[in-house]
Amino acid sequence: MMNANRLPTRILGLDPGLRRTGWGVLAVEGSRMTHIAHGVITPDEKAEFADRLLHLFEGITAVIEQHRPDEAAVEEVFLNTNAQSTLKLGHARAAALIAPARAGLLVAEYSTRLVKKAVVGTGAADKAQIGFMIARLLPTAGKTTADCADALAVAITHANLRVANRRVA
């Protein structure tokens with residue numbers, strides 16, 4: 001999938017969830033970011049657990065095939081007070097990690113707190129603040145759902161940190 005000759009670099013951001021997995025694709029060239037596309041993958045809540053995970057995997061694979069990103073970034077799981085919910089979210093996250101890895105993409109992972117800090121300036125930002133900043137940073141994205149805004153925030157975080165990490169190395 002990766003195309004070393006293509007500029008700008010395309011980054012897929014993923015906000016995994018069992019009910020809704022948000023995704024967003026950015027084109028990045030230097031410090032300039034351009035919105036390409038975003039959406040939500042929504043498995044049938046009545047489907048068997050394994051089928052819901054398969055739907056997520058296949059949905060992410062379809063996004064990769066359509067938008068041909070060079071790299072991917074996935075938000076890490078936050079610890080929930082309900083261990084069962086956290087475990088199920090971990091399964092959804094696994095689908096979000098495996099699909100881009102299977103496509104040969106570099107896959108980075110970022111904590112929720114780091115994503116919030118990178119996009120809003122504070123690790124304690126709420127969904128409304130993230131949505132506001134996505135509208136400011138990517139005005140061509142238009143109105144986004146919270147899941148899409150989170151996925152685009154993950155992609156922005158990766159875009160910024162991958163450049164910073166190259167400068168350090």
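Glycine too: its Cβ is placed from the backbone N, Cα and C atoms.
What Swiss-Prot says about this protein:
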ACT_SITE  Asp15  active site
BINDING   Asp15, Asp147  Mg(2+) 1 binding site
ACT_SITE  Glu75  active site
BINDING   Glu75  Mg(2+) 2 binding site
ACT_SITE  Asp147  active site
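Structural mapping of features recorded in Swiss-Prot.
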residue : record                : DSSP (3 states)
Asp15   : active site           : strand
Glu75   : active site           : strand
Asp147  : Mg(2+) 1 binding site : helix
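Taking a C-beta cut-off of under 8 Å and a sequence gap of six or more, Asp147 (Mg(2+) 1 binding site) has these contacts in its own chain: Asp15, Gly17, Arg20, Thr21, Gly22, Val40. The local packing around Glu75 (active site), expressed as other Cβ atoms within 10 Å of its Cβ over all shown chains, amounts to 24.
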